[in-house]
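Q: Below is the structure I would like to discuss, written out as C-alpha cells.
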Amino acid sequence: MAASCWPASGFYREKKRNCSARTAIFDGGMMKNKEGEVANRPDNTAFTQQRLPAWQPMLSAGIVIPGFLVIGLVFIGIGVALFLGSQSIQVLESDYTGLNSNTPCYECSDASKKNCTCSIEFTLTKQFDGPVFLYYGLSNFFQNHRKYGVSRDYYQLSGDTAYFKNPSDSCSPYIYDSGVPIVPCGAAANSMFNDSFRLYQLVGGTKKPVPLDGKGISWWTDYNIVFRNPPLVNGSLAAAFNGTAKPVNWAKPAYELDTSDPSNNGFMNEDFLVWMRRAALPDFRKLYRRITQGDYAAGLPVGNYSLEISYNYPVIGFGGRKKIVLSNVSWMGGKNMFLGVAYLVIGSLCIVMSLVMLIVYAKYKFPEGDS
Amino acid sequence: LLQIRMRTLDWNRTVYIGHKEPPPGAEAYIPQRFPDNRIVSSKYTFWNFVPKNLFEQFRRIANFYFLIIFLVQLIIDTPTSPITSGLPLFFVITVTAIKQGYEDWLRHKADNSINQCPVHIIQHGKVVRKQSRKLRVGDVVRVKEDETFPCDLILLSSSRDDGTCFVTTASLDGESSHKTYYAVQDTKAFNTEEEVDTLHATIECEQPQPDLYKFVGRINIYLDRDEPIARPLGSENLLLRGATLKNTECIYAVAIYTGMETKMALNYQSKSQKRSAVEKSMNAYLIVYLCILISKALINTVLKYVWQADPNRDEPWYNEKTETERQRHILIRAFTDFLAFMVLFNYIIPVSMYVTVEMQKFLGSYFITWDDEMFDEELGEGALVNTSDLNEELGQVEYVFTDKTGTLTENNMEFIECCVDGHVYVPHAICNGQIMPGAASMDMIDSSPGPGGRELFFRALCLCHTVQVKEEETVDGIKRGIHQGKATSVYISSSPDEVALVEGMKRLGFTYLRLKDSHMEIQNRDDEIERFELLEVLNFDSVRRRMSVIVKSSTGEYYLFCKGADSAVFPRVISGKVEQVRARVEHNAVEGLRTLCVAYKKLSPAEYEEVCHQLSSAKLALQDREKKLAEAYDSIERDFILLGATAVEDRLQDKAADTIESLHKAGMKVWVLTGDKMETAAATCYASKLFRRNTQILELTTKRTEEQNLHDVLFDLSRTVLRQHGSMTRETLSGLSNEYHDYGLIIDGATLSAVLKPSQEGSGGNYKEIFLEICRNCSAVLCCRMAPLQKAQIVKLIKASKEHPITLAIGDGANDVSMILEAHVGIGIMGKEGRQAARNSDYAIPKFKHLKKMLLVHGHYYYIRISELVQYFFYKNVCFIFPQFLYQFFCGFSQQPLYDTAYLTLYNISFTSLPILLYSLMEQHINMDILKRDPSLYRDIAKNSLLRWPIFIYWTFLGVFDAVVFFFGAFFLFDNTTFTSNGQMFGNWTFGTLVFTVLVFTVTLKLALDTHYWTWINHFVIWGSLLFYIIFSLLWGGIIWPFLNYQRMYYVFMQMLSSGPAWLSIILLVVVSLLPDVVKKVLCRALWPTTTERIQVSPPWPLPQAFSWA
C-alpha cells in the first residue's frame, strides 16, 4: 500500500529527463519486478529494430544513364509534337493604341474625344482555320496589384442585396459615389474594359459583318455559380439595383450591360466576368468573342477584313498598350512556343547529360556493382 | 562542545523534537517557519495554466517571432490574412500546451497521491494517522518495513537491537543494495511510542542542500536540567525521503526537512541543458535566413518606391488610393510596406521545423530504447534515453573518455593472491577450471613464513572493510553465497573489491561472520570465533584512496588496520618488508591486477583516546566538517607497519577490445581516465587494444618529471610527436603511409595538475598548448591516478581546445558523474557501483560494448537523418517563398501573394510535413550491419560534415534554382496565351496554383530521391501526402465555402487540370527542378565518392527481403 502511494521512480527520475510523461510510463516498465525476472524486454519486431523490409534504390549509373536517355527521348518526342502543334496555330495581332500618327486609331487616342471609333483593315492571304477567337490585350496594366485585386465585394457579386447598401471596405475608394453605394463596387469593376469591336469582311466594297459569339467566353463556374444577379424586383433587374450608383467610370449601370439578352446582363454579363477574373501578369489577354457561327464557323476565308473599334479605354496615361488578337487554338491551347522549345531543350540536355555521365563512368571506372 | 554552536539562523535550523521547547534558559526560543510536507512537482495550477504556459512558450525565440508576425498581420493592412501565420502558430502552441498540460495533470495526480498518503505520527505517546502533506518539521514519525520515508528524517531508534536500520535508495539513486543507517546513540533504546514521546531534544542542522550524501547536524538531548548532551549527526543518521525501509520492522524518526526542502525535492531541478552541434548549425542557418528575409523585404521596399516614382505607376486611374492613404507620410508608408513584405515572406522561416525536429528527436529516441541488441539479459534492462536532445551528437563524437573499472572491465572482482612479507599465497581454489569455494587450504608458494605477520594480515583483511552480511538472498546487487553448511549468507558492499577480499580470506580460512553489538566476529582456521570490538571506521574516500578501522581485540589491544592504494599507503609506512611487497605489487599491476596494500599500527590506550578525541571533534564540527575530518584522518593514518598486499582481478568486459578497436577505426580518440595506478591501467589498456604492440608509449608521469623538469619533458615529447607527424605527412603523400606508428600517452594525475596549473612565470598557458598538441597526435591516452574532478577537468580542457571537438564521457560510478556532466554527451553504464552515473547521464547503456552500436549505428543514423531534415526544411521553404519574391517584380511590388491562403497555411504543416518526418525517423542510407562492420564509415560524417556551409549553400541555391524554374516556367507558359482548347484565359490564382503544384511535387520527389530506405511507411507517406494535396485542392476548389468572403479558388484547380499544357508543364518543371540535383549526385558519386557511397554501390551480400536495382 505504501509502495503504491509512492510512485517513487516516477517522481524522482522524471525531473532528470526532459520528457517526463514518457518516463513515467516507461520507467514503470523498466523496473525489474520483485522476482527479478525481466519485465521489460523491448518488443523484438522489425519496426522497433529498424529492420522493416525495404526497397533500397541507389542513384547509380546503371539506372541513371538509361533513365536520362529515356526521359530525353520522350521529352524530345513531346517537344516535337508541341512545337509542331504550336507552329500550326495562326495568330494575328495588332496594336491599336494609336500612339503613332500613322496608325489608324491615332485620333482616338486623345483622351478628350468621346465615342470615337476607328477601324483596322487587314488582309488574310490564307484561310484562318476556325474556330477563331478574338482577344483584346492590355499591357502594363496591373490587374494583379494587391489593392486592385481585393477591391471588390464578393457578396455583392453573388447577388446579396444586403451588401448593396453597405459595400465592403476593401472597395475603397470606389465605395460611394456622392454618398450612394456603388454596385458593383471596387477598382476591379470600375476599370472594366469598355472598348468594343465589330468585324467585317469586305466583299466587293460592302461590309459583311462577321458574327461574334459572346457566349461561353467566361468560366462556366463564374457564370453559373459564383456570380449571381440580385433577385429581380417586380420582374425587373433595374429595380433590384435601386438605391445604388453605377461605378463612376461606367457609361451605364450594371443592369444595362446587355439589355438585349437578360441572361447576359448585370453581374452575369460575360464580358464583366472575363474582366473580373484577374490576370496573373501585367501583360495579359482576355477573350473577347468567338467566331463560331454562320459562314465563318469553319474559319475566316481569304479576303479583306475591317475591324471596327469603338475606342473608349484610356491606357496611354499609365504607359499601357491595347491590342486586338485573332487566334485559333489546337488541343494544347493557343500559340506558345515556350513549352515545345523547353521540352526539346530539356530532352536534348538529358541526352547530353547521359552521354557525359557515360564518359565519366567509362573514364573513372567507378566500381559498379550492377554494370 | 557548545562553544562551536552557531547562532546565525541563516545557515542552520533548529528543530524541536515533538515540538517540545527546550528547557528555559538553555536557549532562546526562536520559532522558525518551515514549509509543510506538500510536494509540488506540478508547474501550473488550474488558474495560471493559460497565462503561464503561454508565457513560457513565447519565451522561445521562434514562437515569439511568429507571434510578432501574427501581430503585425493583425495591425497593418497585410497581403495575407492573419490566419496564415496564426493558424500554424496556434496549432504549434496548442499541441505543446496540451502536451505540457497533460504532463502537468499527471504530476498533479502523482502529487496528490503522495501528499494524501497516510503517515503515522507520535503525538502524546499515541500513534496518529495523518495525511502526508500535514507532516511538520519536528514531528516524530513511525515507519514500518517496506514503507517509504515521507520526508527527510533523523533516525532516533529502530526495532533492531543495535539501533541500525536498512534502507534501499533504489528510487533515489537506483542503488538497490541495502544501506545501513544508524540511530542516535542515546535514543536508540526507545522502543515504544511512550518512550519516544519522553524524548526531549533539539536538533541543529544545516539548511537543506541537494547533495544526497552530505549532511551535518547535531542533536542536543536534555536529560535533566543539566547541560544537554550533544551528539554529532551525519548522513548515516539521515533517512531520505523516497528511500524505503527494509529488513527492519519499524523505526522512529524525527522530521527535519519537509516538502520541497527534502533532498529529493531539491534534486528535482533538471540539470543544465546540453545543446547539440546540429542545433547550433540550425540556429546559424536560421540567422542567415532571417537576414535573407529582411534583405528580401528591404530590396522589395526600395524597388517599390523606385518603381513608383512615376505617378502613373504609383496611382493609375484604375487603381486610385483613398484620401487617407495619400495623406500618409512616405516613411510610414515605406515602413508598413516593409512590414507587409516581411509578412509575405515570413514563411521562409519554417514554423514547423522546430516541431518536426522535436518530434523527430522524441520519437527517434525510442529506437534506442527499443534496440534489442542493446538489451542486457543479465540486468534485464536495455538502453535508457534520459534526454533525446543529443541523438545526433552521438554521430559526431571525436573524443571518448572512458572510465576503466566497471566500464572497460567487469567490476566483477576475483581474489587472486596476496603477498605477506614478500611471501605469496594463492587460494587453492582453482581445480579443473572450477572454483571450489569450500576448499579451506592454501597453496604456499614460499616456505612458511613467521606466523605472526601472516595471521595479522588475514585478520586485518577480515576486519578492515565495510562489508555487511545478509542472511537471506533477497537482495539485488552484489551477492556471493556463503555455502557454509547452515544458512546461506551473502556479503554485501558498495565496493566489489572488498567483497572479493573478504571472500578470498574465507577461502584462506578466515571467515568474517557478522557485526554484532559493535563486535566483529571472525571464524579462524581452527573454527574458533574471535571477537573484535569495532571502535572507529575511517571511511574510504577517493581522495585519500584508503580506509582504516580501529578495533579492540579480545585481549584489550587497540589496532588500527588500514588498506588502500599503494601510493596512499607506502608513504605512510615506517617499517615492514617494503621492497619485496612493492616489487610484488608492481608485478601484479603489470599483470593487470588491482592491488591494495595492507598496513597496521598498534595503538596504546592513550593514543586511542587522542584519536577518539580528534575524530569526535571533527565529526561534531558544523562547519568544514569534511576538511576537519580529512585533517584528522591524515594525522591518524601514519606511521604504519606494512603487512602485505593483495591482488584482485577485474576481467575485461565482453567485447571491450573490439569496441575500442571500432571506435579507433571510426576516427575517435579514446582516452582512459582512471583512478587506478599506472601499471594496472596500462595492462588493461593493452588488453583492451587501446595500446597495441607497436604503439609507442610516451610517459608523462611523476617518475619522469622527477628526473627532468616538466618543461623539458613536455618539449621532448612534443618534438618526438611532431617529427613523426611531419614525416608522416610526407609518407602519406608518397603513398607509404601504411606503417606509421601511433603514439600512446600515459599521464598521471599529479603531472596533469602540474601541467594545468596556472603558470608562475607565464609559461603555464604554453604547457597546456603543448600538452594538447601532444595529445592531438596520440591515438590513445591513458590518464591514471585521476581524482573525479580531474576527469572533468580533462574533458573540459579538450572541449575548450581550438578545434572544439565533440566529447563523450562514459562511466559507471559516482566518480564519473562530473565528467559525464561535463562532456557533450554523457553515457552512463548501469553498473555495479550503483546507478548514479546512469542517472546523471544523457544515455545509459548496460554494457560498454553497446557503445559501438550506439555511436556507429544510432549516432550515424540520427546525424544523417537530422542533417537532411534541417537542410531540407530550409530548402523547401526557399522553394516556397522565392517564387513569391519574384512575383513581386510583376505585380508592381504590391505584396500580392502568389498562393492562396490555404496553400500558404498548409504547405508546411500538412502538404510537406510528414514525408520529411518519416524520412528523419526511418532513413537508413546504409544497412546497419555494414555500419557496425565498417566503423570507418563514421569518419564520413565527422565534424558536422553534412551541415557545413558549402552544403547549406548548395541546398539554398538548389532551392533558389528550383524556385526560379517554377516561377519562370509558369511565367512563360502564361505569357499571353491560353492553354485551354476553349480559348478561355486563366487568372492569377491559376498561375499560383500551377506554381504551387509544381512546388509540392518537386519538393516531395526531391525527398523521395534522397530516400534510400523505402519501407511501406515511406511509400505510404510520400505518395499519400501528394495524394492528400490533390484531394485537398479538389475539395478546396470544389465547394463554395460559406465562411469565406471570397471564392477565388473555386474550380481553379480543376480548370488547371483540364488543360493539357498545364499537365505537360508540371511534368516538365518538376523534371527540370530535379535534374541538376540528380546529375550532381551521380557525378559526385563517380568522381569523388565518399566511403559511404562506395559501400552503398555494392551490397556485400544479398540482403534478405531487400530489393536492389540490378
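In case you wondered, yes, glycine gets a Cβ from its N, Cα and C as well.
Curation plays no part in TrEMBL annotations; they are all automatic predictions.
According to TrEMBL:
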type	residues	note
ACT_SITE	B:D403	active site, 4-aspartylphosphate intermediate
BINDING	B:D403, B:K404, B:T405, B:E498, B:F540, B:K563, B:R594, B:T674, B:G675, B:D676, B:R785, B:K791, B:N815, B:D816	ATP binding site
DOMAIN	B:838-1090	domain 'P-type ATPase C-terminal'
TRANSMEM	B:61-76	transmembrane segment
TRANSMEM	B:284-307	transmembrane segment
TRANSMEM	B:338-357	transmembrane segment
TRANSMEM	B:902-922	transmembrane segment
TRANSMEM	B:952-974	transmembrane segment
TRANSMEM	B:986-1008	transmembrane segment
TRANSMEM	B:1020-1044	transmembrane segment
TRANSMEM	B:1050-1075	transmembrane segment
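Could you tell me the structural context for the features on the list?
A: Taking the Cβ of B:D403 (active site, 4-aspartylphosphate intermediate) as centre and 10 Å as the limit, one finds 31 other Cβ atoms among all the protein chains shown.
The local packing around B:R785 (ATP binding site), expressed as other Cβ atoms within 10 Å of its Cβ over all shown chains, amounts to 22.
Confidence for the domain 'P-type ATPase C-terminal' (B:838-1090), expressed as mean pLDDT, is 91.
Counting only same-chain residues 6+ beyond the ends of the transmembrane segment (B:338-357), those with a CB under 8 A from a CB of the stretch are 60, 62, 65-66, 69, 72-73, 76-80, 84-85, 88-89, 92, 95, 282, 286, 289-290, 292-294, 296-298, 300-301, 866, 869-870, 873-874, 876-878, 880-881, 884-885, 888, 895, 897, 904, 907-909, 913, 916-917, 920.
Long-range contacts of the transmembrane segment (B:902-922) within its own chain (CB-CB distance under 8 A, at least 6 residues past either end) are made by residues 80, 83-84, 87-88, 91, 347, 350-352, 356, 359-360, 363-364, 367, 865-866, 868-869, 872-873, 876-877, 880, 992-993, 996, 999-1000, 1003-1004, 1007-1008, 1010-1011, 1013, 1015, 1017-1018, 1021-1022, 1024-1025, 1028-1029, 1032, 1036, 1049.
Long-range neighbours of the transmembrane segment (B:1050-1075) within the same chain, counting only residues 6 or more positions beyond its ends whose Cβ lies under 8 Å from a Cβ of the stretch, are 961-962, 965-966, 969-970, 973, 979-981, 986-987, 989-990, 993-994, 997-998, 1001-1002, 1005-1006, 1009, 1033-1034, 1036-1038, 1040.
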Q: If you skip the near sequence neighbours and keep only those at least six away, which residues in the chain come within under 8 angstroms of B:F540 (ATP binding site), Cβ to Cβ?
A: B:T466, B:S495, B:R546, B:M547, B:G564
Q: Let me know the largest Cα to Cα distance in Å among the ATP-binding residues B:D403, B:K404, B:T405, B:E498, B:F540, B:K563, B:R594, B:T674, B:G675, B:D676, B:R785, B:K791, B:N815, B:D816, as an integer.
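A: Among the residues the record ties to ATP, max Cα distance equals 24 Å.
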Q: Out of B:61-76, B:284-307, B:952-974, B:1020-1044, which stretch has the largest tally of CB pairs under 8 angstroms to the transmembrane segment (B:986-1008)?
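A: Looking at each of B:61-76, B:284-307, B:952-974, B:1020-1044 in turn, the most contacts to the transmembrane segment (B:986-1008) are made by B:952-974.
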Q: Can you grab the distance from B:R785 (ATP binding site) over to B:D403 (active site, 4-aspartylphosphate intermediate)? Cα atoms, rounded to a whole Å.
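A: Per the Cα atoms, B:R785 (ATP binding site) and B:D403 (active site, 4-aspartylphosphate intermediate) stand 12 Å apart.
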Q: Go through the chain and flag residues at least 6 beyond the ends of the transmembrane segment (B:1020-1044) whose CB is under 8 A from any CB in it; none is fine as an answer.
A: 900, 902, 906, 910-915, 918, 993, 997, 1000-1001, 1004, 1007-1008, 1011, 1050-1054
Q: Could you tell me which three-state DSSP class B:T405 (ATP binding site) falls into?
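A: B:T405 (ATP binding site) sits in coil per DSSP, no helix or strand.
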Q: Same chain, outside the transmembrane segment (B:61-76) by at least 6, Cβ under 8 Å from its Cβ: which residues?
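A: Non-local partners: 82, 84-86, 88-89, 92-93, 336, 339-340, 342-343, 346, 349, 351, 354.
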Q: Which residues of the same chain, at least 6 positions away in sequence, have a Cβ lying under 8 Å from the Cβ of B:R594 (ATP binding site)?
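A: B:T405, B:M413, B:D497, B:A647, B:V648, B:E649, B:D650, B:D676, B:T680 - these are the non-local Cβ neighbours of B:R594 (ATP binding site), listed in sequence order.
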Q: Would you say which of the binding-site residues B:T405, B:N815 has the most Cβ atoms within 10 Å of its own Cβ?
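A: Of B:T405, B:N815, the one with the most crowded Cβ is B:T405.
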Q: How big is the Cα-to-Cα gap, in Å, between B:D403 (active site, 4-aspartylphosphate intermediate) and B:G675 (ATP binding site)?
A: 9
